[in-house]
Structures are given as structure tokens and as C-alpha cells.
Amino acid sequence: MKIICEKCGFTMNLDKSRIPEKGAKGKCPKCRHIFTIKNPGTGVSDNANKSQKTLYWLQGGGCGGDTWAFFNSEPPETSELINDLNIRLLWHPSISNHSIAAQNKLNNDLLSGKQALDILCIEGSIIRGPGGTGMFDTLLGKPKKDIAASLANKASYVLAVGTCASFGGIGADGEIEATGMQFQKWTPGGFMGENFKTKSGLPIINLPGCPCHGGVISGAIAALVSGIPLKLNQYNIPLEWYGTLVHQGCTRNEYHEYRVEEKKIGEKGCLFFYLGCHGPLVYGPCNKMLWNRRSSKTRVGVPCFGCTRPDFPQQYPFFKTRNIEGIPIELPDGVNRAHYLAYKGIAAAAAPERLKKRKTGI
Amino acid sequence: MSRKYIFPINRVEGDLEIQVELKDGIITEAWSAGTMYRGFENIMKGRSPMDGLVITPRVCGICSTAHLKAAAKALDMAYNIVIPDTAKMIRNITMGVEMLQNDVRQAVLLFMCDFANPYYKDFPLFKEAVSRYEPLKGSSALQTLVESAAIIEITAVIGGQWPHSSFMVPGGVVSSPSINDINQCTYLLNRYRKWYEKQILGCRLERWAEVKNNLDLDKWLEESHLHADSDLGFFIRFSKKAGLDKIGKGHGNFICFGSFDMPENTDIKSLNKGPKYLPAGFSQHTRIQALQEESIFEDSTCSWFKTDDRPLHPFEGLTIPYATGGEGKKYSWAKAPRYQGLPAETGPLAQMIIAENPLFTNLVSSKGPDVFSRELARIVRPAIIIPVLDKWIKEIARNMENFCRTYQEKESGKGFGLIEAPRGALGHWIHFKNEKIENYQIITPSAWNGSPRDLNGVRGPWEQALVGTSIQDTDNPVEAGHIIRSFDPCLVCTVHAI
Ligand code: SF4
Ligand code: SF4
């Protein structure tokens, strides 16, 4: 295990088995400061090391995509995040290997308060159907939604990971009566109610995206563990990752600037006027942090589908821009319609040949 | 006396509960219950046909490229388009790398993780298992997290992101990769190959290809400590000691929809000279027949849906949850797909059997399918597909012009896309009228494998595979976990989609 000197921050590795149960005095090899090294303990309900933060990942009505986005993020790679920040992962349904008995004990200890819960990550929507019973999603015959509620009441922080957990996402309009933890699409409330606060005094923090970018998930976890405050907007979304439009940083920005548009898929150009790109309408880090360290949908020619927005998935067709006489109904967030149209007209007239002829190689 | 138990199974992508009846510690009956319904097929109704490309990848977070491909192929058929070779290659490559990331993740993080379960604490190989597979700590687990995330970067280079991009469209793909993109893909695949050869296989792909039967397998294991010490070598040593080649037998029926559409112009030859590199087919043990789409039906006698008086072809499929009728019989959110009325297992082992791979044909014809052969097929599948993907990545560079063919949109149409997802046979069926979806049906691989009983009371494949297994500790039923996980179950697909 890693031992960090409380004075100078020097890190060293020590074999866990060499630390007696009660802990031991140790001297930092760098600054010579003497301090107590605590035994991290072993059992599921052992709370010996108070500085160690615990994390529990619950999956509800979702596809598991946020989990895999998280496992694909790097740096820090998932194991680095967990191990280096000294997080104790109590449970993740895709990697934990507890026995059924150990898992039951853990859940009981969490609910009785014997086991402290610092961060609860919820992935997937809260399924309330049919008729509010939640029986479309059960664990051992009981609705999963009840488990989500009891854990949320115990946790210091709750992260709603992905658009389903944040706003309802897939199924929010349908028979499964899906909702987000504290929002139903644009409306505050959702499953836990508008006034709900976690033990830390914060509301549920929403990390939308379908899936949420893995770097956002690890960044948010790291911030909470390290006590760095996150500034939230009116949808309880941290501005750190959702302060800019998806459009910002797209390699097609120059096409957009001069209104050189892609009318048919694969033509190259900006996807805003015809192919339904939501880049200028929704907030997210896709073109800033990039996906899988490589690219983004809009860079390769897939329109942004607005998957971070509370109304995703939209009720009108994808791959088409809703327009009135060729002008999109929804314009870039915050622009004045008349000014924007005048500017676009002039921009199109000023478009250079190298863009019109797609000579840029993008 | 027999008693009933419920085993919730984790590390299976989604929610699964197995109910078993035990008599003297032996499973005498098993019921597999998917415990969630997400209603995708009804969400699709009334939407634009193209929306399937955006909505259906969200069925599953670990095989979203597979759903995208099935959705795109169903539209290709509905619009009657033949896509260009370059697009075929791109679809094949991205589908292939989804298998590459899945196979090592499943083997190391989900399956062999159980070797480090306290159940085995007195087992001679336990210490080694813990040092390799302990979650987030074991040496192989750590490497697998990094390398599986690295190989899927290929899909991001070509398709923008993974999971959940929509870069395949009717007519081809939206992207037009540059020479530099192609070089990056080559580099990423080489990197994965080197790691896979060193860590997972313990030998070159070429050496592994010489293993053609059970005897060759023993010889390979003894030949070098590099073989015995690799994850594959450890898997074989552990499985044989733990008797995994004796449990999880199943019906012995296999189904494969075929994978990797052959480009017209390529140096690769498909395994049976047919239109797909891995051929489609159905087999009872090793008696293989050609696949006929008309023979696929879904039965919902034991599923929590309205039941027709007969199994329905997917074009007629109904998805009406919690309708009345059939009380007492229903126990799962999964429907029961059947081929010519029979249950069938699907996945890498089925692919190998239908492709007449000598090693797996030998293993299955001598002992029938079991946990060992099923998991082995998955661990070594990358060895078969890496060289093919490598060739296609290079061949794309021959013609970088045309990645998408234009076509005439139609107001109404019907089509299906049958493909192989990482976990096996996946089908999408679409029917649209006046540019709106009338009916959309999805049959996922885990619907085949984890299906409940049908109207004749015949068990689904993994229910069947569980019967007869002895369980040592009902608080920690590791044996049941091995059997279920050898099918690489993906319940998010199965139940969410139905
Ligand atoms: S938000 Fe998207 S990625 Fe996350 S669970 Fe829902 S469908 Fe899956
Ligand atoms: S394609 Fe979309 S994100 Fe890119 S420049 Fe155009 S509108 Fe912006």
C-alpha cells in the first residue's frame, strides 16, 4: 500500500502485512518527520482508516455505457484513480467479485450506517413503471428504485452519471416512466425531489452525456475526494466540463464560420443547417477533451445528437435539422435571430474557394 | 429434500437472477430471470427510420458498435443498397475491435476474476490467481484495463468515439479517414497484437494456429513455460484442475449469423468461401446446416409479455409488457428465441463450430460443449481475427475515395440486419411506413443464451447448462457463476431490448 508522509507529502510503498493492527510509528525517509501509520484493515465493514473515501456504483435503468466510458478514460486510468487517491471501491457491478453473502452484509452495513458511504455513483435512470411500482426493474423481487433512494440518503455525495441518471434519458417519455435522480428532463424534482440534499449539503451532482465522458467521471470523483468545490449551473451540472458548447473545438468550425454546409452525409462541411448537428446548442466537453483520447463524433462527420441536454433523446428525427425555409428553428445558444441571419448571409458570400471546394482535407 | 435458491449474478453486464432448485447439493432445475425492462422496441415506434442508428446503440454499453451495425444493415436492405468495399472494411474493422476489447475484458475482468474468489482459497493455484486477477490490483487485470481501452481507440479514430457513436449509415459510413488515421489504426492494432501474444497467449499467433486438437493443446501447454505462464496457459491449468471441462454442458445446439461481410476486392478468403468471413449457420453438435432467416421465431410463453398462441417471426413480433394471461408461468423479461423451434447457444464457440475450426470441432465432438471450451473459444478468438483486420486496414489505403453510396430514400420498407456481436448472433428487424417506424424488433445474443422456457417447456441454453451441477456453498455459488459467465451474458442487451 501507499504511505504518504503527512508533512512533506513524500510517498513510499509498504507491504500491508508489515503494519500491526493498531498501526505503527514511522519516520519519513525524506523529511524525517515521525508519524503514525494506520493499518488499512481488511473486512468489508472495517472503518479503521477514516481518510479513505468509499465509493459505491449502482446501476439502474441503463446500458452500462458510462461504466465503459469510465474504464476507457486515461489519464488517470481507472485503477490509478482508485488506488492513487486511496479510494475504497465498495462495489462496482462490473468488476467486484464478492460472494452473495459478502454483498448482502455490505448492503446491510451501508443501510444501518455501520459502513460509511462517501460517494454514490448512479448510472442509468430510475425506472418507476409500471404505474409507479418500479417493478420493471427489480433486485430480489424489490424495486431497484427503493435501493437507490436508501443509498442516496446515506451518501455524502451523489453523482448522477450519464443522461439517464441525470434527467431520465432513454425511456423518460415511455411506458417505463424513467426519471433522473433529481430532474425529470428540464424540470427539477425527479426521483428524490427538488429539495433533497445529500449529507454534504449539496444536491445530486449531474454528469450528463450518453455516455458521460470518462474524463468527466474521473475528474468529478477526484474533485470530491480531494475536497475541491465544483461550481454548478441551474441543472446541477459542474461548469468545469459543461461550460462550453460542444461546437467549440470542432475541426469543422471553419466550415461553420462561412456557412459551408454538408447537405448529404459524407460530403464534408458543417453539419448544422441540414444534418441536425446540436454542437452549437448544447454544452459538453466532447471537442475539448476528445473521446478515447482521439476524436469526437462531429470531427469524423457524425452530427452531435445533443446527448448532454435534459431532453435527450429528442422527440423529432435525428440526422435532420428542423428548419423554416432553410433556416434552423434552433439557433446557437443565446444569439439574436435577426443578427445571426444577417451574419450568416454575409459569411456565406465571403466563403473562400478552398472551403467551398473542400480542399482542407477535413 | 429439494430447496429453492435465488442467485443474483454480477459481472454480467446488467441484472440477472438465477433461481435454482437444489437436491443434495445438485441443481435439479434452473430458471433464468432478466430483471429489467427498458422498452426499446416501443420507444422506436413512430420515430424516423434513421433514428435506430442513434437509439439502438444505447441498448448496450459494451457492444454499441454491434447494434449500430445491425441497425445500418437493416436500413441497407430496406433501401436496397450495396455498400462500397471501403465501407465494408471500416464496418468490419470497428466490429472486430469491439470483439478484441470485449474478449480480453470478459476473460480477465469478468471470468477469471472468479479464480480469485475465496471459494478457491485452499486451491494450489489460488495465490497466483489472486496476484493476477484481483479487481483493480491483479497484474493481468491492470494490464487488461489499459490495453482494452487502447485497442478501442481505433473506433474513435474512425467513428469519433466509443461507445455510442453513429458513424455507420445506410450506404456505408460517414467518415473518410485520412492516411494518417489509417497509420494510427495499424499502430494500435500492432500494439495490441504484441501485448496479446506476450501476455494472453504466450506465443505468436502463428504458433497458436497449429493447435488443431486436444492432443496439440496438451503439447502446446507443456512446450514452454511462456505458454504455461500466459493467461491462456493459466486458464487451461486452472480450469482442468477445477473441473471446468466437466460442467455447463447445455443442449449442444449452436447458432451463428456470420460475421464480417467480404469486400469484393480483397486478398482475404472467407473461411467457407461464402459471403461472410465467419460463416452463418445452425448446428446440432457438429452437424451444420445453412442459416435461414425465416426459421427464427420468438416465444414469450414464459416472458412477462402478452403471448400469442404461437411463436412469432420478428417481423410480426409483439412487445406488450405485463399483459394478463399465462399467470404463474412467466418469470423473465427476456423472450425465448428459437431456431426451427429449438433453443441454441451463440457466441465465439458457436462461431468456431459453424466455421469448422478443427480444435473446437474436436473438443465439442469428443465431449460436447462445456465451460472450458466456451471460454477458451473467447480467449483465443482475437488470434483468429487480428490478422484479418490487419489486412483490411492496409487494404483501405488502396482506395480512399468512396465511403458512402448515395441512394433513393423510400417512404416505406422492410429490412433486417443479422450480424455477430461480440457475444454472438444479433438481429434487428425494421418495418417502416410513411417514414415512420411501424415495428422494430431486436434479438440479442444473450436472449438466445439466457432465454427462458418456451411453450413446450424446453429450457434455454444456460438453464440447461446449469442442471446437474453441484453447488458447494449457496452463499457463494461460484460453480453457477462459471457456467453463466462462460456464455458472456449481457443482460442489458437482453432485457432492455425486448
Ligand atoms: S445515459 Fe446513455 S450511456 Fe448512460 S446508461 Fe443511459 S443510455 Fe447508457
Ligand atoms: S459540425 Fe456541428 S460542432 Fe462541428 S462546426 Fe458544425 S455545428 Fe459546430
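Glycine too: its Cβ is placed from the backbone N, Cα and C atoms.
Copied over from TrEMBL, here are the features:
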| type | residues | note |
| --- | --- | --- |
| BINDING | B:E41, B:I442, B:H496 | Mg(2+) binding site |
| BINDING | B:C60, B:C63, B:C490 | Ni(2+) binding site |
| BINDING | B:C63, B:C493 | Fe cation binding site |
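Positions of the features from TrEMBL, shown on the structure.
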residue: B:E41; record: Mg(2+) binding site; Cβ neighbours (10 Å): 21
residue: B:C60; record: Ni(2+) binding site; Cβ neighbours (10 Å): 34
residue: B:C63; record: Ni(2+) binding site; Cβ neighbours (10 Å): 31
residue: B:I442; record: Mg(2+) binding site; Cβ neighbours (10 Å): 30
residue: B:C490; record: Ni(2+) binding site; Cβ neighbours (10 Å): 32
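Using a CB-CB cutoff of under 8 Å against chain A, the binding-site residues that qualify from B:E41, B:C60, B:I442 are B:C60. Each residue contributes its Cα atom, and for B:E41 (Mg(2+) binding site) and B:C60 (Ni(2+) binding site) those atoms are 14 Å apart.
Annotation note: B:I442 (Mg(2+) binding site) sits in a strand segment as assigned by DSSP. Taking the C-alpha positions, the distance from B:I442 (Mg(2+) binding site) to B:C63 (Ni(2+) binding site) comes to 14 Å.
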